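Asker: Right, I'll just put the structure down here and ask away after.
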Amino acid sequence: MRIRTAGVIAAAGLLMLGVAACGGTNEPAATPSKDKGNGKLVLWTDPTRAPVLKPFAEAFGKENGVTVEVKEISENQQQTFITASQQGSGPDIMVGAHDWIGNMVQNGAIDPVQLTAEQKAAFHPNAIKAVTFNGQIYGAPYAMENVALIRNTDLVPTAPATLEDLIKTGKDLKAAKKVQEILCVPFGAAGDVYHTYPLFSAAGGSLFGTTAAGDPDPSKVTVNTPESIAALEKMKALGEKGEGAIKTSIGNENGIPSFVQKKCAFLISGPWSMNDVKKAGFGYDISAVPGFAAGGQAKPFLGVQAFYVAAKGKSKVLAQEFVANYVTNKDVALALYKADPRPAALTAAADEVKTLDPNAEKFVTAGANGIPMPAIPAMGAIWGPMANAEVAVVKGGDAKTAAEAAAKAITAEINK
Amino acid sequence: MTTEVTGAGSASSPHPGSSGQAPDQRSRGGRRGEAEQVRRTRELSTGFIVSRIAVLGIVAALLIYALPPLIRTEAWTALVIVGVVTALVAYLYLTPRHIPAKYLVPGTIFLIAFAIVPIVLTFVTAFTNFGDGHRGTKEEAIRAIETSSVTQVPGSPEYYLTIAERDGELVFLLVDPATKAVQAGTAEGLTPVDGAEVSLTGKVLAAAGYTVIPTAQAAERDAEIAAFSVPTAGGAVKATGLSRAFEGKADKSYDAACDCVTSPSGGRWVADEVEGYFVNAEGEHLDQGWKVDVGFANFKKALTDPTISGHFLNVLIWNFVFAISAVATTFALGMIVALALHSPRVRGTRIYRAMLILPYAMPGFAMLLIWRDMFNTDFGLISKLFGVHDWLGTPTTARLGLIVINLWMGFPYMFLVITGALQAVPRELTDAARIDGASAWAGFRRVTLPLVLVALTPLLISSFGFNFNNFNNIKLVTNGGPYAVDNATVGATDLLISYTYRVAGFDSGVADFGFAAAISVFIFAIVATVSTVAFWRSRAQEEVYS
């Protein structure tokens with residue numbers, strides 16, 4: 001019996017120790033008031049941006065006398081954020097791409113951000129357009145990105161005016177054994193709707209119709225309209241059974257390296273390729289992806305990185321202060337650019353950036369015709385089926401059959 | 001008797017010191033004396049006390065760790081469960097009785113927590129529409145709809161905000177940027193403030209009768225400020241952060257009387273409890289929905305929706321082909337290598353073994369991506385060796401490629417376990433077979449293989465289960481492709497798991513967990529049936545050979 005008592009005493013002792021320890025850490029220093037927030041701001045971002053944002057977040061914390069925690073989420077940021085928000089363990093601020101907005105809004109995970117007319121005017125119009133969803137602004141943009149045509153100026157001194165020019169130059173260089181490939185556009189065995197969208201749109205293709213308000217309309221999927229089928233025909237002509245400019249053997253894993261190794265004179269890629277391209281040791285230039293001689297302009301997708309206020313955060317007012325009033329500041333935007341060079345969304349900062357880095361400006365110019373990537377949740381249904389249809393035509397499949405199959409799969413996914 | 005006593009003795013004392021003493025103490029007394037002895041042995045041992053304190057300490061720590069969040073989120077059911085389990089464990093390790101339970105309970109708790117609860121949750125989720133757009137409750141959806149419909153009242157000033165206090169009550173001091181006029185906003189409304197001192201940036205520095213709250217202190221009252229609103233004629237003034245405020249108005253509001261959301265600018269969305277959405281007369285729904293029970297709808301859809309059930313059989317056949325080939329090829333190669341290294345004539349077996357385990361030891365994700373690139377049509381190693389071919393773009397070669405990749409990744413595991421099993425086969429048996437005149441093949445076929453199989457069948461079954469759901473291989477190497485021109489939904493190498501992953505929308509980032517759970521239930525049923533049949537057959541085999 002003695003042992004039992006000893007055990008109980010030991011367990012009770014441990015319990016009390018535990019309670020005391022927890023009490024020690026949890027007890028706030030100041031006397032709490034009833035509606036007290038925690039005076040703490042939590043920001044989630046991806047691992048590449050976390051070290052960049054940390055000093056700015058900390059500066060904000062110092063300025064306002066609060067603690068700021070920057071936490072990096074290694075993958076699946078959007079789903080992680082939505083799930084955590086729902087459970088009440090999410091952050092106060094989320095950083096991410098603007099095309100998440102539709103899904104975050106339908107899950108009630110983010111709140112609109114009220115920007116003043118003056119603040120809105122300070123942003124690049126495309127950036128504001130990208131973060132606007134159902135007429136509301138849902139985030140403060142800070143960086144923009146889009147793909148452009150990057151060419152090796154040692155091989156091609158002047159930018160091609162049309163896609164036909166581009167193909168001809170590429171073929172001549174290939175015939176002269178100066179390159180192995182006509183064009184490096186990341187496509188891969190699984191297809192890549194994002195990188196090929198300039199070509200698809202230049203050929204007249206589109207994904208959605210538009211609503212009366214000018215937003216993409218999920219009830220009007222246009223991948224199998226005659227225009228889109230004609231565009232897929234043109235991609236087929238550029239594909240493996242045609243010119244050989246779009247190939248499934250060139251993907252994200254080898255697109256940029258192939259360009260750097262001079263296997264191709266042209267690359268379609270975004271600002272993220274610049275680190276590698278700069279080190280390549282040859283002259284390069286950035287221009288807009290050209291359109292077809294007889295056709296429309298190439299419209300790359302515009303992506304905008306933005307700060308969002310979590311709807312279920314614990315420090316919402318502080319989060320709004322950070323998003324609406326702090327990162328919209330020109331000096332903050334400029335500092336962010338210096339830490340992580342991506343074309344700035346704030347026009348005033350972009351003007352100053354221009355003198356620092358001409359590449360950023362060239363990417364913005366190349367994206368002038370671009371369209372913000374649709375932020376509606378239905379966009380998620382596009383990627384897979386559309387990529388499959390593009391792979392099919394690039395391999396020589398029938399464009400109409402592929403377009404119909406993609407439209408069927410997309411509509412089924414949207415209406416599920 | 002001897003075995004029974006030794007068993008009980010060692011079972012009741014978790015420290016090794018007592019098991020040596022127990023038998024001779026017990027041989028002196030009867031049942032009762034024996035129990036006395038056991039108890040005294042325990043009292044004397046410090047190992048006993050330390051182990052009990054460790055177990056109970058961990059349990060107490062877990063309880064304390066779990067309490068605050070459970071209380072904060074008002075999860076009373078979970079709280080009761082945690083409390084009951086903790087009490088049960090504490091009782092169990094403080095009483096000298098229930099000795100078998102001391103050993104079974106921890107494992108059972110883990111089994112329930114990590115195997116049974118997820119299965120039950122999956123089943124429960126299968127009967128709901130839980131997914132993106134339907135994650136929360138109806139109240140949360142209404143709140144989100146109202147919040148996201150708030151827009152600035154046209155023509156209203158974009159105020160500078162200073163947080164202040166009057167008689168302990170929160171006050172918004174608002175400065176009109178155009179006129180620099182100062183107003184105080186309380187829960188009653190706006191009142192002008194005269195003689196306030198305003199900075200160039202629009203902050204109120206001092207105002208008679210009001211105490212300006214410094215930012216840091218205001219930040220601590222976040223929830224109070226977020227909830228605070230100043231009623232105005234056009235709507236209400238709300239804070240945008242700590243330094244600005246705007247006059248906003250919600251365009252949509254919920255009306256409990258009609259269970260609908262209405263908008264003054266026209267528009268009426270009635271709650272649809274079947275779909276979990278607010279739907280208008282045109283059949284369009286608001287973005288934000290809520291979670292509802294849908295009965296068997298998910299199962300019905302999986303069986304009747306032509307885009308899903310139409311491909312089900314083809315996918316299922318390839319799924320079986322893949323899982324069976326994966327097990328058969330890795331087992332065969334593992335066996336050959338293990339037999340070769342088992343021969344006493346082979347030298348340097350350790351080096352060989354270390355090298356053979358390498359593919360198993362390398363990170364699978366990276367290996368899969370490297371394999372994918374080796375199959376690249378124009379630049380890959382396979383094309384360089386065997387000629388240019390669209391290896392992963394042609395159904396037959398893509399399927400073969402996956403089986404080869406899986407063989408490379410999987411055989412070291414089989415090699416390891418077969419090596420272990422071979423060492424347990426007595427040499428006398430194989431020697432006896434040889435003396436009886438059996439050929440090497442016959443000796444292997446009739447003696448070694450059956451004995452190895454008896455030990456390995458459970459592992460083969462689990463390997464089948466794993467490969468049946470081998471999502472990584474498919475996702476990273478082919479992503480289900482190649483796809484036929486007329487079919488953008490299902491590819492030639494899709495397994496049920498990779499196929500449903502896509503159909504349930506996880507690929508696109510807009511997930512339908514309810515439907516995915518329903519498919520998981522189907523996959524669970526298939527794997528469970530196959531495993532049960534296999535175990536049942538292997539038991540019959542065991543009876544023959546042991």
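Glycine too: its Cβ is placed from the backbone N, Cα and C atoms.
Among the features that TrEMBL reports, region 'Disordered' is placed at B:1-39. According to TrEMBL, the feature compositional bias 'Low complexity' maps to B:7-23. Taken from TrEMBL, the feature compositional bias 'Basic and acidic residues' applies to B:25-39. As annotated by TrEMBL, transmembrane segment applies to B:49-67, B:73-94, B:103-127, B:316-339, B:351-371, B:400-426, B:447-466, B:513-536. Feature annotation from TrEMBL assigns domain 'ABC transmembrane type-1' to B:316-534.
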Asker: Verify whether three or more Cβ pairs under 8 angstroms connect the transmembrane segment (B:49-67) with the transmembrane segment (B:316-339), leaving out any pair fewer than 6 apart in sequence.
Answerer: no
Asker: For the transmembrane segment (B:351-371), give me same-chain residues lying six or more residues beyond its boundaries with a C-beta closer than 8 angstroms to one of its C-beta atoms, as numbers and ranges.
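Answerer: Distal contacts: 337, 341, 401, 405, 408-409, 411-413, 415-416, 419, 472-473, 476-477.
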Asker: Below 8 Å between Cβ atoms, which of the listed ranges B:73-94, B:103-127, B:447-466, B:513-536 makes the most pairs with the transmembrane segment (B:49-67)?
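Answerer: Highest pair count goes to B:73-94.
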Asker: So which residues does the transmembrane segment (B:73-94) touch in its own chain, when a touch means Cβ under 8 Å and the partner is 6 or more beyond its ends?
Answerer: 52, 55-56, 59-60, 62-63, 66-67, 101-102, 105-106, 109
